Amino acid sequence: MIREKFERIKPHLNIGTIGHVDHGKTTLTAAITMALAVKGYTKAKNYMDIDSAPEEKARGITINTAHVEYETDVRHYAHVDCPGHADYVKNMITGAAQMDGAILVVSGADGPMPQTKEHILLAKQVGVPAIVVFLNKADQVDDDELLELVELEIQETLTTYEYPGEEIPIITGSAITALESLTAKYVLRIGNKWVQKIYDLMETVDEYIPTPKRDTEKPFLMAIENVVSITGRGTVATGRVERGMIEVGQTVELVGLKNTKEAIITGLEMFHKTLEKSVAGDNVGILLRRIQKEEIQRGMVLAKPSSILPHQHFKAQVYILKKEEGGRHTSFFAGYRPQFYVRTTDVTGHIKTFQGKIDNTQIQMVMPGDRIQMEVELIRPIAIETRMRFAIREGGKTVGAGVVTTIVQA
């Protein structure tokens, strides 16, 4: 089957829904695609299309980050529906790391919950630059004053995590009521109060979330999110291009986790359409020649040859989450071995030493809420570089978040 070409007419942005479990992220994603489909901008996706993996349907929660595409009057969006269940924050980290902006979904009936706060913190740590809030389930709240109190609480929470809480737009609506209106046969879709709230939300996203300046000048790099094998054609690696650009026919290196290996790009696709060239910000599938499926895995990066090296040993500045932020309840010591989440990989690391952030004195014990410097040795080499952000997790909790300051050469 011949695929059509991807036409680059409108600016492309990566956006996502974040927030607490059952606050309505996936329902809102479905409502957005349905509302924009009415205007002829996209194909409608229902809730079950987005909530696609079998274990998601069985438990009614989103596990893998799900990608959909849609357009507004002025932009083309790739939308990632981020998981809300505590066990699956690692996928949320992968999804958030790909976002140019986020829609924070908060139930008007419940207000901000522990995962709401954790997702805001993670969004800040992985560099999501702008957030718009959708205050959902407004149809379940009769008291306007209660919704105003929830708005204030959301603003305070955002400000706590260094987002401009008082400036961030908050759109109040009901994703499920809008979705029901959009799927009903005899309801006027345009002009419906709840559907209009979805259009208001997307107009706000268009206006408030800035079009990012893509980092196309630096050497190409893409963290691999998934790998599939196509019989007779080769191996496809999918992910978001972090920086640079790449064309069919060019050579790339596979870096991290295993021995570094070269491959030739024989095809590029985005949303089932072919590309000759892919640039920073694109969510692409890259067809690779000379690579077997077992030689490549999620967590590796594809990069311009010799532009990035695998390392195991680094120093970093780290913030250790408080108990109220979903972090540890107790202190820990040198020798602690949590998981380090970097781009799309997670690998166990041995924390060798701690130092105070300000005075550089050696510390024996670290408490929740501390800001420290630490030296880490990973059990496997991965593609890391200075100024790169990461999260630290243990037993289903985000323990800390940090940034690499120094690579320690072996």
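Just so you know, glycine gets a Cβ as well, placed from its N, Cα and C.
Keep in mind that what you see is a predicted model, and the values were worked out from it rather than measured.
Summarising the annotation, Swiss-Prot assigns domain 'tr-type G' to 10-213. According to Swiss-Prot, the feature region 'G1' maps to 19-26. Residues or ranges marked as GTP binding site by Swiss-Prot: 19-26, 81-85, 136-139. Annotation source Swiss-Prot lists Mg(2+) binding site at THR26, citing sequence analysis. Sequence annotations record features per position, and here Swiss-Prot assigns region 'G2' to 60-64 based on similarity to another entry. Swiss-Prot lists 81-84 with the feature region 'G3'. Per Swiss-Prot, the feature region 'G4' maps to 136-139.
Between the CA atoms of GLY19 (GTP binding site) and THR26 (Mg(2+) binding site) there is a gap of 10 Å. Within the same chain, residues at least 6 positions away in sequence whose Cβ sits under 8 Å from that of ALA138 (GTP binding site) are GLY108, LEU147, THR172, GLY173, SER174. Mean pLDDT, taken over the region 'G4' (136-139), works out to 91 on the 0 to 100 scale.
Within its own chain, the region 'G4' (136-139) has Cβ neighbours under 8 Å at 23-24, 27-28, 105-110, 147, 172-177, 194, counting only residues six or more beyond its boundaries.
The Cβ of ASP22 (GTP binding site) has 17 neighbouring Cβ atoms from other residues within 10 Å, across all protein chains displayed. Mapped onto three states, the DSSP output places GLY19 (GTP binding site) in coil. For the region 'G4' (136-139), the DSSP-based tally of helix, strand and coil residues reads 2 helix, 1 strand, 1 coil.
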